[in-house]
C-alpha cells in the first residue's frame with residue numbers, strides 16, 4: 001500500500017515537478033548502471049594478470065601488463081570524473097543553475113544595450129557563461145550527447161570524413177601519396193576485384209599526434225580514396241625507424257650478427273603491420289562498403305535525425321517542459337534545445353545507443369567474414385592482435401560491459417570467429 005500511495009501522490013503533483021523528478025531519477029539510474037558495468041570491467045582488469053592462451057605466442061607479458069595497468073588507471077579516472085559530473089549536474093538542476101545563467105546573460109546584454117528582443121545575442125552570452133561555469137550546462141554538449149551516437153557508430157561518416165579529409169586534416173597532418181610498389185599494386189588489385197572505385201591511396205603522418213593505428217576510405221560515388229596512417233605501416237612507423245637509428249644498423253631478417261640488445265629491441269617494436277596484414281585490414285574496411293553498411297548507416301542516421309527534429313517541433317511549445325527547469329515566464333529556443341535534446345531525449349538516446357551498438361558489432365563480424373572470403377583470415381588474425389597491442393587495448397572484457405559499450409566486438413571474440421579459417 002505504501003508504494004502505491006507514493007505513486008498516486010507522485011501523479012497528483014504538477015506536471016513540471018513530475019518531469020523534473022523523472023529527469024533526475026533517470027540520470028542517476030543511468031549513472032548507477034554505468035558504474036555497475038564499470039566495476040565489472042574493473043574486476044576483470046584486476047584479476048586477469050596473465051596473457052590469454054590465444055595470445056600467448058604473440059603478445060608478451062610486458063605489453064599485456066602495460067595495457068592492463070593503463071586501462072586500470074583509465075577506469076579509476078573515469079569513476080571519479082563521472083561521479084563529479086553527476087553530482088555537479090544534479091546540483092545545477094536542483095539550485096536552478098540554468099535559469100540563473102540565462103538571467104545573468106540577459107543582464108550582460110542589457111549592460112551592452114541589447115534588449116530582450118535580442119534573444120540570439122543573449123543565447124551566445126549564455127553559451128559563453130555556461131562554458132565558463134560548467135560544461136555540463138552548455139548547449140554544444142547536450143547536442144553532442146544526442147548526435148554523437150551517430151558518429152560513434154559510423155553514421156554520416158561519408159559526408160563528414162570527406163569534408164574533414166579534403167579541407168581540414170591537411171591543415172594539421174601531411175598527406176602523401178603511397179609510393180609505387182608492391183603494396184600499392186596489391187591494394188589496387190584488391191579494390192578492382194570487388195569493384196571498389198579507388199582513385200588515390202594516401203599515407204598520413206598520424207604519428208605526430210598519436211601512436212594509434214588506423215585506416216579509412218572516403219569520397220563520393222566513383223571517387224573513392226584510401227588513407228593509411230603511417231603507424232599502420234611497419235616500414236613507415238616512426239618508432240621502428242627510431243629503433244633502427246638507435247641501434248646504428250639495419251636489423252637482418254635472419255638476426256645473424258646482431259647483438260642481443262638489437263634483437264631485443266627489434267622483437268619489442270610495436271608499431272605497424274606487414275603488407276599482407278595491411279591488405280587484410282583494408283579487406284575488412286572495404287567489406288563495410290561492399291556489404292552496404294555505409295548506406296545502411298546513412299539511412300538510419302537520416303531517419304533518426306528526422307525523428308528527433310520532428311519530436312522537437314512537437315515538444316518545443318509545451319510550457320510545462322520549460323517550467324520544469326525554472327522557466328515560467330519565457331520559452332527561449334536555445335533553452336528548449338537544451339531541455340529536449342539533453343534531458344527529455346535521454347531514455348530514447350540510451351535505447352538507441354544500445355541498439356546501434358548491437359548492429360555495429362554485427363557489421364564488424366560481417367566485415368571480418370568478408371575479409372575471410374578474400375583469403376585474408378590468417379593475416380587479419382595477426383593484424384587485429386598487433387593493432388590491439390599498438391593501441392594498448394586490453395584483450396579481455398566483461399561480457400555485459402562489452403555488450404553495452406563496445407561498438408566493435410572484443411578482440412578474443414573476433415579471433416575466435418577467424419580461428420577456423422586461420423587454421424585452414
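The backbone N, Cα and C atoms fix where each Cβ goes, and this holds for glycine too.
Going by TrEMBL, these are the annotated features:
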- 285: active site (ACT_SITE)
- 368: active site, proton donor (ACT_SITE)
- 284, 288, 364: Zn(2+) binding site (BINDING)
- 41-167: domain 'CAAX prenyl protease 1 N-terminal' (DOMAIN)
- 178-420: domain 'Peptidase M48' (DOMAIN)
- 20-38: transmembrane segment (TRANSMEM)
- 77-102: transmembrane segment (TRANSMEM)
- 122-144: transmembrane segment (TRANSMEM)
- 306-328: transmembrane segment (TRANSMEM)
- 334-359: transmembrane segment (TRANSMEM)
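Features recorded in TrEMBL, as mapped to the structure shown.
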{"residue": "284", "record": "Zn(2+) binding site", "CB count, 10 Å": "24"}
{"residue": "285", "record": "active site", "CB count, 10 Å": "17"}
{"residue": "288", "record": "Zn(2+) binding site", "CB count, 10 Å": "21"}
{"residue": "364", "record": "Zn(2+) binding site", "CB count, 10 Å": "21"}
{"residue": "368", "record": "active site, proton donor", "CB count, 10 Å": "24"}
Notebook entry, point to check: Taking the center of the Cβ atoms of 284, 288, 364 at the recorded Zn(2+) site, which other residues in this chain have a Cβ no more than 8 Å from that point?
Noted result: 285, 287, 293, 363, 366, 367, 368, 370, 371
Next item on the list: For the transmembrane segment (20-38), could you work out the same-chain residues 6 or more beyond its ends whose Cβ comes under 8 Å from its Cβ atoms?
Entry: 10, 13, 75, 78-79, 82, 86, 89-90, 93-94, 324-325, 343-344, 346-347, 350, 398, 400-401, 404-405
Notebook entry, point to check: To what whole number does the mean pLDDT across the domain 'CAAX prenyl protease 1 N-terminal' (41-167) round?
Noted result: 76
